[in-house]
Amino acid sequence: MTVESFVGAIEALLTVETMIWLLAGVIIGIIVGGLPGLGPPLGMAIILPLTLPLDAANAIILLVGVYSGSMYGGSIAAILINTPGVSSSAATMFDGYPMSQQGRAATALAISATASAFAGLFTIAALILFSPALIEMVLAVGTPERFLVAILGLAMITVVTRGSLAKGLLAGVAGLLVTTVGIAPMSLDQRYSETMYLYDGIDFVAVLIGLFAIAEMMKLAGQEGGIAKDEVTIDRAGITEGVRSTINHPITVFKSANIGMIVGAIPGAGATVSNFVAYSEAVRSSSDPDSFGSGNEIGVIASEASNNGTVAGSLVPAISFGIPGSSSTAVLIGGLLMHDLRPGPSMFDPSGELTLTYTMLLALLVGNVVILLFGLSMVTQLGYLTKIDTDYIIPMVIVLSFLGTYALRINPIDILTVIVFGIIGFYMVRYNYSVIAFVLGVVLGDIAEENLYTALQLSDGSFMIFVNPLEYGRWLSLILSVLIVLLIFGPYVKQWWERRQAV
Amino acid sequence: MFSVIMDRRTFVQTTGAVGAVGLTGLAGCLGDDNGDNGDDFPSESLTWMIPWGEGGGTDTYARQMAPLMEDPLDQSIEIDNREGAGSMLGSEWLVQQDPDGYTFGTVNPPGWSFTWRAQDVDAWEPEDLEPIAYSGVFGYTLIVNDDAAEDAGGIDDFESLRDAYADDEISGFGYQGAGSDSHLTTLLLREEYDLDYDSAVPYDGGGPTMEAVIGGEVAAGFATNTSAVAAEESGEATAIVNLMDIDLDHVFPDIDPITDYGDSLAWITEFYQVQVAPPETPEEEREVLMDAIQEATEHEETQEWEEETGNIVEFGDMDDAADQYVGSVEEIESQVDESIGGFDEFQRLVEEEEDEEE
């Protein structure tokens, strides 16, 4: 029966009309993702009413095409101009942009296209094969686990910080402080919200755009020539090198894609968290962690593989329970409902909508091939951007950054945020404070606070909910707690053990 | 899903700015010969402000209606999402727009009025906005986790839910945000309907609350009538209590109305999709918009959408729309006074719960 659904799905997919919608979706997604601030939810929401005349399958394919394409598109701005096109590409900047500065933009873009596509292919295939297990996992993840995932992310500060650990922790704590502005997520406390525009706090995407795009443009203003400081090589060799580099790191691709899929399946965490976790894991497991942040190809592979993996993961709670893990999947669920499809177990039932679910997943598989081909064919044209004189680049990026930021939620505070954090970012880099640690704090602060509060409400104030599965039945919490402890103290224990052995 | 309380100080500071902009708007109006657009309204595209983000319930309604209104208006409609501060930011923006009929928005009273009152907004008043029409209604139900219900020997109505909490057979009651309308309803269910839950747990909005019930983190909790459909489809939860006055039997044949156990809660659990225009928008323009909204609500596509999604589409004309929010703040105040001892007392109860946790 499942096989019948699968065959039916292939038949449905292999029509000219469906392929055109898929292609259109992916390309629109790449463009929307590439423009700072215009994330996938806005792109999908604009397209949603336009899908009304389409049949259900094509409508959903168009929407998921935009979603998937934008995950890749975000990396283009991240690599070329140090601006996160979408927040899920933030970690791509850490090594992607230095590669551009070194004249290796073509390689970085090729890596991004290849890693995105491979991770997308792998995770969608895994989703087709293992969806029942993933559905179980979604149900096992609750409030305490979400808090611990956020803490795991924060613990990564010890891994990704190069140089002074004290400075890294300080930057991380400063990032957490930024998230305390506005109404407390789970109580009535007002914090620093002097105007109603600060009521919902400081938008972290605006912070990212300021920290990276504006700070970098300030730096570039004092520099002659283009973004690339070194000789720019934009040729087929660079592309081949990028593709080969991705293929030569199958473990990074596999691991990051899995991290993306698992974190993506956790509602409320999503691609923004997963690309940092995957990046940090790549740094942690590397034999040369100091090379990250200055153009290590593995950093780009990890970030880009994880955010496309997230697409597959986030579909699990969306399709199986109608739980939107993010604004993008909320719009997608709206699309499903609009076309008379109810998220629920019937979407995975051969007598229900399984054929359509398979069609959608197979479309995503093909969509990833489109990303690969389209991405690689665009590399040479895009790479030239890094050769253009900064006198032209700077005003363009600044205008785009401000426009994109304002489009986020049409709140004038966001413009101020971009300016203030642009200046902060500029001086952080100058005085060697870890921008990555700061960003981890900004991204994870709200998630950690909100879920800590609710978890303690569930346990009547007892912290044992995180570590005692016998009383609370939450084994996943215990595993996550152990992982956090290992991550923080592991390196010290290892050092101590090695010293002891040496004596 | 709605708002949170905010202290008085915060909003006083915005008053000056709004006053200034308000005057500018008035000046523009005075400069116009007639103050209206004559018979050719609308002659350019319109803006429909939604004070919530993309993908939410109110946004979905607007995106369903807008294309169907374009035909009768013969103009395009652009949806403008201005989210923030529990819909207060978008509403404040709308108050400041030109009263030419080209800009209008949706608000969700009485939750909207509750938020306005709870936040002590004083830069503008709900009644400043001019009514156009309403296009739909939604509200709260209670959903219960199926496994928890089974373990407790079956929970299928409000009475058995109450018994299960009283006998400690189930644990946890989820609501949508501290200080929100669902928080107030949670307190009312305890005070007036004897729902003796062991712990009330706030989640960040409707999605996370539903997820917590589906995943069994809390035994029961709030869901809007549309998300309750999704919760049932998940196969993990069932909608058992209708907190609204509106009949939901066609969607949930066995749902138990709360009105069997006490007074109506509709004043805090039933919300309308009310379209409003900036202050001083002439009636003629609003009538044109009202007619277009009526046409969209009666359109075949909308009827299909209603059946498919469980959204309740209902048209109300200009007077009906005004009825939904004119005087609703006073109504809410008197209800809160009567049931809980006033807004200050509500705030005190909320803070007390917080302190217990700390």
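Cβ from N, Cα, C; glycine included.
According to TrEMBL, the domain 'DUF112' annotation covers A:19-440.
Summarising the annotation, TrEMBL assigns transmembrane segment to A:20-48 (among others).
For A:60-85 (among others), the entry in TrEMBL reads transmembrane segment.
Here TrEMBL flags A:105-130 (among others) as transmembrane segment.
Annotation comment: TrEMBL describes A:137-159 (among others) as transmembrane segment.
Annotation source TrEMBL lists transmembrane segment at A:165-184 (among others). Cβ atoms under 8 Å from those of the transmembrane segment (A:165-184) belong to residues 154, 157-158, 190-193, 198-202, 204, 207, 428, 432-435, 437-446, 448-449 of the same chain, restricted to positions at least 6 beyond its ends.
Tertiary proximity for the transmembrane segment (A:196-215) is limited to same-chain residues at least six positions away from its ends with a CB under 8 Å from its CB atoms, namely 36-37, 39, 81-84, 87, 90, 93, 97, 178-179, 181-183, 272, 397-398, 401, 404-405, 408-409, 411-415, 417-426, 428-429, 435, 438-439, 442-443, 446. Taken from TrEMBL, the feature transmembrane segment covers A:196-215 (among others).
Per TrEMBL, transmembrane segment is recorded for A:315-337 (among others).
When Cβ-Cβ distances below 8 Å are used as the criterion, the transmembrane segment (A:358-380) is approached by residues 5-6, 8-10, 12-13, 18-19, 22-23, 25-27, 30, 57, 60-61, 64-65, 68-69, 72, 106, 109-110, 112-114, 116-118, 120-121, 124-125, 127-128, 234-235, 238-239, 242-243, 308, 311-312, 315 of the same chain, each at least six residues removed from its ends. Under the heading transmembrane segment, TrEMBL lists A:358-380 (among others).
The transmembrane segment feature in TrEMBL is assigned to A:392-408 (among others).
According to TrEMBL, the transmembrane segment annotation covers A:415-444 (among others).
The annotation transmembrane segment is assigned in TrEMBL to A:472-493 (among others).
The stretches the transmembrane segment (A:415-444) and the transmembrane segment (A:105-130) do not meet in space: the count of Cβ pairs below 8 angstroms, excluding pairs fewer than 6 apart in sequence, stays at fewer than three. Count of Cβ pairs under 8 Å against the transmembrane segment (A:392-408): among A:20-48, A:60-85, A:137-159, A:315-337, A:472-493, the largest is for A:20-48.
Only pairs six or more apart in sequence are counted, and the transmembrane segment (A:137-159) with the transmembrane segment (A:472-493) gives three or more Cβ pairs under 8 Å, enough to call it a contact. Counting C-beta pairs under 8 angstroms (sequence separation of 6 or more), the transmembrane segment (A:60-85) fails to reach the transmembrane segment (A:472-493), with fewer than 3 such pairs.
Beyond its flanks by at least six residues, the transmembrane segment (A:472-493) meets 140-142, 144-145, 148-149, 151-152, 155-156, 158-159, 284, 459, 464-466 of its own chain at Cβ-Cβ distances under 8 Å.
For the domain 'DUF112' (A:19-440), the model gives a mean pLDDT of 84.
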